[in-house]
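Student: Can you read through this structure? Questions will come right after.
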Amino acid sequence: MIIREILVEPQAIAWLPWAVSYFFFIGLACSSVLTAFFFHFIKNSRLELLALSLAFSCTIVAPIALTADLHQPGRIMNFYLNPTIWSWMYWGAWFLPFFVLSVAGYFLCSLRTSVPMQSIPKYFHWLYWGKFNTDLIKVFFVWLSLIMTILILMYTTMEVFTVQARPLWHHTWLLPLLVFSVLPVSLLFCHYFIPQVYALRYFTIASLLGLIVSILGIYLFSEQTAIHLMKLWQISYSPMLLLIGIFVLFILLLLPHSTFLRLLRILTALCITWLTRWILLIEVQQIAKYNALVNPYQLSWNVDGLIGIIAVFSLWLLVGIILWQLLSHTLLQSNLGRKDHE
């Protein structure tokens with residue numbers, strides 16, 4: 001009798017936290033553009049501008065996280081110098097710049113049409129230079145942003161979906177999972193400033209229900225996805241934390257209004273969005289593709305770990321402070337930032 005022993009080694013994690021940061025911010029940007037488009041359709045310019053401010057801040061940060069994930073900016077130029085039309089990364093290299101420009105144009109046009117020049121700091125008065133049909137240009141950027149958002153969602157989803165060796169990546173519930181896990185942040189961000197719009201709470205509840213259905217859909221999609229979900233549940237506490245976060249947000253949405261609760265809802269929704277992407281992109285990689293091993297991963301204190309995450313969120317905070325300086329006068333004058341009187 002011949003005994004053959006097969007030795008395998010744990011595989012290193014290929015996708016680093018930089019990828020999670022990119023998926024996090026690009027998801028926020030896309031959901032905010034979709035939210036802004038809805039408010040544009042119902043002609044609510046204040047909510048539209050709020051959603052666009054969130055989208056604009058995220059479109060600034062997301063490409064930086066993606067560049068860091070590629071480890072060197074020179075790799076980006078390779079996509080343009082050596083066309084590979086069969087690669088989704090090649091198409092993403094074209095979609096992302098146009099997406100950033102379209103969102104920036106949409107935001108600036110909305111700012112010009114919705115906010116009087118006297119309401120913003122003097123060093124932003126250049127936004128009002130020139131005489132041209134801003135409304136017509138805005139319509140162009142509205143539809144361009146919508147088209148580019150759809151393309152970015154398709155590209156981002158396919159980047160994960162194409163890996164057939166991982167059942168938790170290669171399934172039809174991937175796009176609903178990514179969308180419904182991030183949509184509550186955009187809705188609750190607008191609701192924080194305009195709590196009188198009760199429909200935003202109902203839309204958020206609907207999004208959470210969509211997220212739960214997506215998770216159940218993944219479990220029921222195939223035997224392989226169910227097995228891998230159970231493995232994921234055994235090796236990590238993150239799936240449990242995600243379900244707890246969804247439950248907590250449900251409870252918070254049912255409680256009476258207060259400024260503190262509205263802020264807590266946003267923070268909880270942000271945690272849900274981040275946890276979903278962390279589980280999907282990092283912890284799913286701990287499940288080996290072709291053997292029974294668990295690929296170990298520990299979040300380290302370096303640029304490719306926790307320091308990188310802190311740096312990206314710090315940049316987002318800086319951009320948010322600048323935008324708040326730009327919009328705070330308008331928010332206060334329009335009573336968007338006032339306390340509840342309910």
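The backbone N, Cα and C atoms fix where each Cβ goes, and this holds for glycine too.
OK, TrEMBL features for this one:
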TRANSMEM  20-42  transmembrane segment
TRANSMEM  49-68  transmembrane segment
TRANSMEM  88-109  transmembrane segment
TRANSMEM  136-156  transmembrane segment
TRANSMEM  168-190  transmembrane segment
TRANSMEM  202-222  transmembrane segment
TRANSMEM  234-255  transmembrane segment
TRANSMEM  267-285  transmembrane segment
TRANSMEM  305-327  transmembrane segment
Student: Output the single range from 49-68, 88-109, 234-255, 267-285 maximising the number of Cβ pairs under 8 Å to the transmembrane segment (202-222).
Tutor: 234-255
Student: So, taking each listed stretch (20-42, 49-68, 136-156, 234-255, 305-327) in turn and counting its Cβ pairs to the transmembrane segment (168-190) that are under 8 angstroms, which one gives the highest count?
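Tutor: By Cβ pairs under 8 Å, 20-42 leads among 20-42, 49-68, 136-156, 234-255, 305-327.
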Student: Quick one: find which recorded stretch in 20-42, 88-109, 234-255, 267-285 has the most Cβ pairs under 8 Å with the transmembrane segment (305-327).
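Tutor: It is 20-42, which has the most Cβ pairs under 8 Å.
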Student: Report yes or no: does the transmembrane segment (136-156) come within contact of the transmembrane segment (267-285), defined as 3 or more CB pairs under 8 Å with a sequence separation of 6 or more?
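Tutor: They do not touch: fewer than three Cβ pairs between the two stretches lie under 8 Å.
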Student: Considering only the recorded stretches 20-42, 88-109, 234-255, state which has the highest number of Cβ pairs under 8 Å to the transmembrane segment (267-285).
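Tutor: Most contacts with the transmembrane segment (267-285): 234-255.
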Student: Give residue numbers and ranges for long-range contacts of the transmembrane segment (88-109): same chain, 6 or more residues beyond its ends, CB-CB under 8 A.
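Tutor: For the transmembrane segment (88-109), the nonlocal Cβ contacts are 29, 33, 36, 49, 52-53, 55-56, 59-60, 62-63, 66, 76, 79-80, 127, 134, 137-138, 140-142, 144-145, 147-149, 151-152, 155-156, 158-159, 162.
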